[in-house]
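Peer 1: Mind looking over this structure? Questions follow.
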Amino acid sequence: MCGVLGIALGDQTKVVAPELSDGCLFLQHRGQDAAGITTCGPGGRFYQCKGNGMARDVFTERRLTGLAGAMGIAHLRYPTAGSSANSEAQPFYVNSPYGISLAHNGNLVNTLSLKRYLDEDVHRHINTDSDSELLLNIFASELEKHNKYRVNNEDVFHALEGMYRLCRGGYACVGMLAGFALFGFRDPNGIRPLLFGERENSDGTKDYMLASESVVLKAHNFTKFRDLKPGEAVIIPKNCDKEEPEFKQVVPINSYRPDLFEYVYFARQDSVLDGISVYHTRLQMGKKLAENIVEKLDPNEIDVVIPVPDTARTCALQCAITLNKPYREGFVKNTYVGRTFIMPNQRERISSVRRKLNPMESEFKGKNVLIVDDSIVRGTTSKEIVTMARESGALKVYFASAAPAIRYNHIYGIDLTDTKNLIAYQKTDTEVAEAIKCDQVFYQSLEDLIDCCKTETIDKFEVGVFTGNYVTGVEDGYLQELERVRAENKKNAEDVKAAVDIGLYNCADY
Ligand SMILES: O=P(O)(O)OC[C@H]1O[C@H](OP(=O)(O)OP(=O)(O)O)[C@H](O)[C@@H]1O
Ligand SMILES: NC(=O)CC[C@H](N)C(=O)O
Ligand SMILES: [Mg+2]
């Protein structure tokens, strides 16, 4: 669930890099592993800065001053394919045809056949294990088919149509054609989010932004914005002070199914995605969860409701209100530790939970506590949390999850290939409670979760992580291939540099 961002400024004499860098801070929660910016400057030249780390570490002031141009794209990466190596930081770039740079949020599920096709049929060299590099090359090869000196919007839309035909999975992308345009597109099911917005300047020019979440658009004053539709693309000309952006429904909407997990965990609560306020869905999740709990447990058994910060706060608050129980911040969050779930390895995740969350004994001692989290995935957080609650003197520890039990892979955005790593894999609720050592576990039902999020226009969501049925299906051998790449990366962990950290993509430390 990476974050993508693109900006084209109407005033061509301005530089866009500082605003891109600032915008990335609003999307940091979507990916903490790598960050990158590519800008397009005079003469259509691309300037790039990317590498492992958080946005504030990668985008130093010195590096930003090297990024010329009034148009650019940015990416925050949480790896879901390939490895977490520097070489897979985005945006990706190909020089032919015309010079293209692309940043991708999502996951392709037919990478095996795409790789084969690129190699055997169109002879394109792929230099990493990233699915995003495949996506870019597919688009490039489709564009190349026009065999023209210069392309126009129609050619670009046509190439995207070809790409839609070939690439299966979830994708929301921003890209640039050197010296020509900024563009964005969204997969035919709208699994991953992407919004378009405009800002009017005092001199009458307009600036345009594409972003994964509405929070960036709002914060940067792009007040007129909307979600791109599934299968829709937009081309924003480089000279956007003179020419208007062009939208096109490139392929028909297959189904409109935003990923339900955006509302549970991925997105910031102050974002509105596909017209649905993340904050309000989380309030609803708390209410429904409480209603569900009282059917299974005498509320007199609960003394206090305690959230697992950060994401579950809103949901836990509404849960406490509905249960008519006190809400207490029993865990204090160290804001200097990032999201633990999206950290690259389990050892780091476990130690981070303790570094990140510290219990306040007074809120646990001698009490029956109901701990509320948004989800239980690997169980890393919940196991540690329950232990901390008991160490702090809690009598009974109940654990509630705003999402249903997760027993399947999330193939469009969570870095999990081995379902055995999921704490609920082949376990009943009672067995999950035993595994995380709590007295009882409560899960939201899928039906209720959907009810919390649906609107009049959107009543279906991508829910494969809960059901194992994915809207795009999965190519045979895909999950095994992901597993193979992962095992190889682990094997090469001692010598990552040689294997995957390919110096061709260095982020020079100048
Ligand atoms: O069962 P697990 O594998 O531990 O995953 C689930 C936990 O991970 C996430 O928290 P995270 O620390 O990533 O982010 P947050 O601070 O936004 O809640 C999520 O909110 C759950 O607390
Ligand atoms: N989380 C994402 O959207 C990741 C994008 C892409 N699959 C990668 O691994 O880089
Ligand atoms: Mg959490």
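Even glycines carry a Cβ here, placed using N, Cα and C.
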Peer 1: For the Mg(2+) site that TrEMBL describes with Asp373, Asp374, which of these is also annotated: Thr311, Thr314, Thr455?
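Peer 2: The one candidate that TrEMBL places in that Mg(2+) site: Thr311.
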Peer 1: Going by DSSP, give the three-state secondary structure for Thr311 (Mg(2+) binding site).
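Peer 2: Once the DSSP labels are grouped into three classes, Thr311 (Mg(2+) binding site) ends up as coil.
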Peer 1: Residues with Cβ closer than 8 Å to the Cβ of Asp373 (Mg(2+) binding site), same chain and 6+ apart in sequence?
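Peer 2: Those within reach of Asp373 (Mg(2+) binding site), by Cβ under 8 Å and sequence separation of 6 or more, are Pro307, Val308, Thr311, Ala312, Thr381, Ser382, Ile385, Phe399, Ala400, Ser401, Ala402.
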Peer 1: I'm trying to understand the geometry here, so how far is the Cα atom of Cys2 (active site, nucleophile) from the Cα atom of Asp374 (Mg(2+) binding site), in Å to the nearest whole number?
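Peer 2: On Cα coordinates alone, these residues lie 19 Å apart.
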Peer 1: Quick check: which same-chain residues outside Thr311, Asp373, Asp374 lie with their CB within 8 A of the centre of the Mg(2+) site CB atoms?
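Peer 2: In sequence order, the nearby non-listed residues are Val264, Tyr265, Pro307, Val308, Asp310, Ala312, Cys315, Val372, Ser375, Ser401, Ala402, Ala403.
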Peer 1: Considering every residue in the domain 'Glutamine amidotransferase type-2' (2-239), what is the mean pLDDT value?
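Peer 2: Averaged over the domain 'Glutamine amidotransferase type-2' (2-239), the predicted model reaches a pLDDT of 96.
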